[in-house]
Amino acid sequence: MEEMFKEQDFWSFNESSRNSTVGNETFGGNQTVNPLKRNEEVAKVEVTVLALVLFLALAGNLCVLIAIYTAKHTQSRMYYLMKHLSIADLVVAVFQVLPQLIWDITFRFYGPDFLCRLVKYLQTVGMFASTYMLVLMSIDRCIAICQPLRSLHKRKDRCYVIVSWALSLVFSVPQVYIFSLREIGNGVYDCWGDFVQPWGAKAYITWISLTIYIIPVAILGGCYGLISFKIWQNFKRKTKKDQCITLTTAASKANALARVSSVKLVSKAKITTVKMTFVIVLAYIVCWTPFFFVQMWSAWDPEAPREAMPFIISMLLASLNSCCNPWIYMFFAGHLFHDLKQSLLCCSTLYLKSSQCRCDQEHDSRKSNCSTYVIKSTSSQRSITQSSIT
């Protein structure tokens, strides 16, 4: 049984201390970790944080999708990629954060082996998809700034997005074979990983870190290096143009200034999207760097303090990335949420007006019925009076 515990490595995408421990192994000389127990105080903090992250991720990304759907001008590539990044973040929230939250509450995985493998598979699909959509956004902004005359066709955009989702689905397949429902104690079962010893866990975690973090971050760095260089070149050219404009005549000066101002407006629009994508990338790096640092450390160092609080915090910090992006969208593309707010206000106003019209119609119909009844009763009374007189 002890050998089976040693097969379970830190790469289970579970922030709980129960899954980040290796049974009956001693870390730091005299610290023995028992996989059948957990720190209840830490578990309560994890449950609270994950519940908050789940709520913010669901609410924020659903608002982004609704705003993009209801907006008038959302045919650009940027909005298309934003939509798929929000979908990927929703996948992370529903299939990674939510199962982890339930798992932290129940302490053990209660479900069949098929569900264990499915949960582990879907947990990585969202991570791959979110990362690759972010890479696509950065490449798109790099092309828009460095080669503005080159226009990616909408079909190519769709092909790139489909390829990203396909790679996410394929790269997550090893999770199905690594994790299964296993007995970790006398009659105690949990969703546990089985790596080939002694190199299996190291190879797998290194490969995951390369495909989700190291290679994408290198691509992102290259894209923003080119973008920064191109913006610097553009700034120098505009400065020279402004100096040349001051030497022209007054008549041509107005026309030239109008042309330059229009160019500046286009550049500002592009630079705004570049800033937004850069902040999204920065948030991704801040949230995921501690996570992958911890993963690599725990894989290559058998004496890594897996139950130390910095390890737990780094795991929880990774979950925050799925709820950061909507707030970044709101800051840089506030008109989307303003349009959504206006649409909701218009819908509520129309609903109130329609309900008021229905009430007025019902009131008018009741009033007409009452007047008809009064007329009928009055005419009947007159007929009775006339008959009595006669």
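Just so it is clear, glycine is given a Cβ too, placed from its N, Cα and C backbone atoms.
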Residue pair Glu41, Met78: same membrane side in Swiss-Prot:
no
So Cys116 is in a disulfide according to Swiss-Prot. Which of these is its partner: Cys191, Cys223, Cys244?
Cys191
Quickly, which of Asn14, Asn369 does Swiss-Prot have down as N-linked glycosylation site? Just give the residue.
Asn14
Highest CB neighbour count within 10 A among the disulfide-bonded residues Cys116, Cys191?
Cys191
Tell me, please, if the transmembrane segment (87-107) and the transmembrane segment (312-332) are in contact, taking contact as 3+ Cβ pairs under 8 Å between residues separated by 6 or more positions?
yes
Six or more residues out from either end of the transmembrane segment (312-332), which same-chain residues have a Cβ under 8 Å from its Cβ atoms?
14-15, 17, 20, 42, 46, 49-50, 53, 56-57, 60-61, 63-64, 82, 85-86, 89, 92-93, 96-97, 100, 126, 130, 272-273, 275-276, 279-280, 283-284, 287-288, 290-291, 293-294
